[in-house]
Amino acid sequence: MAHVLAVYPGTFDPITLGHEDLVRRAARLFDRVIVAVAIAHHKKTLFSLDERMEMARQALADCPQVQVESFEGLVTEFTAARGGTAMVRGLRSGTDFDYEFQLAGMNRALVPGVETVFLTPASQYQFISSTLVREIGTLGGDVAQFVSPGVHERLLHKLGRTAAA
């Protein structure tokens, strides 16, 4: 039987508990999952590519069938080049669906052999986004409940803060 590989792409700046939830769900559905961290030249990221990849590896270290790689360019080409047959995308809201539905159609036109699989996060993670985590953290708020402990530590360090006692 063939092994089924899925790719979960994103910027992961930083990886959140919502991302981790989706990766773990995908790992139950697919034999292998690649967390594809975008090089993202078009975005100003808080964390470097190496930092984002290391945080993802640390957060998902307990998932042996998950690997973390970087990619540049079209994620469909990255997926096809690795023999992937599915891309995993998370949906938190109807707004996410509208955008992701259009993107899935374009991706299917570009690489017909790669399907888009939509997963919804567990209810406690539906409102979490990397953007909000960065904004709350930058403004001095506590984001410990939205990211794993290792990511939280790195975020505090990056923002020049220390953990509350």
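Note that Cβ sites are derived from N, Cα and C of the backbone, with glycine treated the same way.
Residues annotated as substrate binding site in Swiss-Prot, with sequence analysis given as evidence: Thr11, Lys43, Val75, Arg89. The ATP binding site feature in Swiss-Prot is assigned to Thr11, Phe12, His19, Gly90, Leu91, Arg92, Glu100, Tyr125, Gln126, Phe127, Ile128, Ser129, Ser130, Thr131. Sequence annotations record features per position, and here Swiss-Prot assigns site 'Transition state stabilizer' to His19 based on sequence analysis.
Binding of substrate is attributed in the record to Thr11, Lys43, Val75, Arg89, and the widest Cα separation among these residues amounts to 19 Å.
Listed binding-site residues: Val75, Ile128. The one with the lowest count of other Cβ atoms within 10 Å of its Cβ is Ile128. When the Cα atoms are compared, Ile128 (ATP binding site) and Val75 (substrate binding site) turn out to be 23 Å apart.
Other Cβ atoms within 10 Å of the Cβ of Arg89 (substrate binding site) number 22 in total over all chains.
Note on the binding-site residues His19, Lys43: the fewest other CB atoms within 10 A surround the CB of Lys43. When Cα-Cα distances from Ser130 (ATP binding site) are compared across the binding-site residues Thr11, Lys43, Val75, Arg89, the shortest belongs to Thr11.
DSSP assigns Lys43 (substrate binding site) to coil in the three-state reduction, outside any helix or strand. Within its own chain, Gln126 (ATP binding site) has Gly18, Arg92, Ser93, Thr120 as residues 6 or more apart in sequence whose C-beta sits under 8 angstroms from its own. Its own atom aside, the Cβ of Glu100 (ATP binding site) has 16 Cβ atoms within 10 angstroms in the protein chains shown. Spacing of Val75 (substrate binding site) relative to Glu100 (ATP binding site) is 14 Å (Cα to Cα, whole number). Counting only the Cα atoms, the space from His19 (ATP binding site) to Arg89 (substrate binding site) is about 10 angstrom.
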